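**Q** Sharing a structure below in structure tokens format, with a few things to ask.
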Amino acid sequence: MADGNKLAQASQIWSMLDDMAENNPSAYRKFIDKHLKEGKELNAPPKPHMCIQTCIASNWIPLYINFCGWPRITKPKDDSAPIPVFGSKLMQRANEEDGEHFVIHVAFNPEVLELYGKTCKSQEEKDALVKLAIAYIEDNNKTKLSHNYYAVTKYDFHGDTNTIREDFGLEKDDMSEELKNLAQTFGPVADIAARDPEILKKMATGDIRTSESEVLKEKVIPDIKIPGASNNVQPTTKLIEEVKITPNYELTYKETSGDEFNRSIVVKIELDSVNSVQECALDVTERSLKLEALEYSLDLHLAEMVMEDRVKARFSKTKHQLTVTLPVKAVD
């Protein structure tokens with residue numbers, strides 16, 4: 001940028017603010033406060049909200065989808081309007097705990113997550129939000145995902161939140177270096193201008209109605225919405241109706257020796273499409289065993305009380321079989 005242009009832009013800012021401060025001090029203070037607040041929100045990273053796990057359909061590698069709230073993403077105009085969503089790159093990772101897996105982040109306006117996110121009382125509407133994210137990821141990355149999923153309850157974000165800005169493709173120094181120099185002369189207002197160069201034109205023309213979402217407008221997908229979310233239409237069906245398969249299983253008793261138990265319930269579950277234990281979500285209580293794994297779903301009532309903190313699960317990759325051993329509580 002030529003020195004003359006920088007001086008002209010600086011002059012525009014100074015002239016506009018000087019005139020406003022002299023003729024309308026109240027509007028001047030509101031303007032400064034508004035843009036300081038918007039600048040702070042604009043520069044804040046997405047905030048983790050919830051995490052779900054599904055998998056890549058072609059190879060069954062686990063995929064963790066992090067849902068984040070971000071004020072930079074616009075709200076739907078009304079209850080029947082499409083819901084904007086913005087996604088990060090698809091990242092392949094590996095570690096000892098999770099093995100090989102993928103991670104991706106999707107960002108929504110915080111008010112959308114408040115309505116349809118993890119605290120939503122309607123499972124149907126929550127499912128629809130997840131299906132929206134899955135459809136967006138499939139379209140944006142040209143890949144097919146399993147539409148079966150389960151919520152990760154141990155944490156709201158899978159990965160390192162310190163890199164979330166870079167994961168979304170927003171570099172820490174993504175502001176114009178030349179415009180940053182204006183801050184030395186014009187302080188906070190020029191700093192806001194550095195974050196959004198278009199604000200200079202708006203200041204110069206008097207059109208100061210800005211939105212923190214404008215920076216991402218071209219990257220937001222506007223053509224997907226929660227079905228049945230309108231006040232005039234009651235939710236009746238899911239976006240995609242998933243049919244779960246009850247897997248074949250065998251339940252037997254095994255005599256064991258131990259200080260607290262001498263018998264165990266052994267459940268062997270056939271999971272032909274599953275390739276690793278990471279694809280299995282197992283939940284055991286004293287009287288029940290629940291399993292979600294890709295297209296499979298199993299809910300067993302146990303005839304005897306088991307020691308849920310002593311349960312062991314082992315997956316055979318060659319047999320595609322999950323073996324769950326549940327020690328039976330000793331009867332006094």
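The backbone N, Cα and C atoms fix where each Cβ goes, and this holds for glycine too.
According to TrEMBL, the protein has these features:
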- 45-163: domain 'PIH1 N-terminal' (DOMAIN)
- 255-329: domain 'PIH1D1/2/3 CS-like' (DOMAIN)
**Q** Would you mind splitting the domain 'PIH1D1/2/3 CS-like' (255-329) into helix, strand and coil residue counts from DSSP?
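**A** Residue counts for the domain 'PIH1D1/2/3 CS-like' (255-329) by secondary structure: 6 helix, 40 strand, 29 coil.
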**Q** Could you give me three numbers for the domain 'PIH1 N-terminal' (45-163), the DSSP helix, strand and coil residue counts?
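**A** Looking at the domain 'PIH1 N-terminal' (45-163) with DSSP, the answer is 29 helix, 40 strand, 50 coil.
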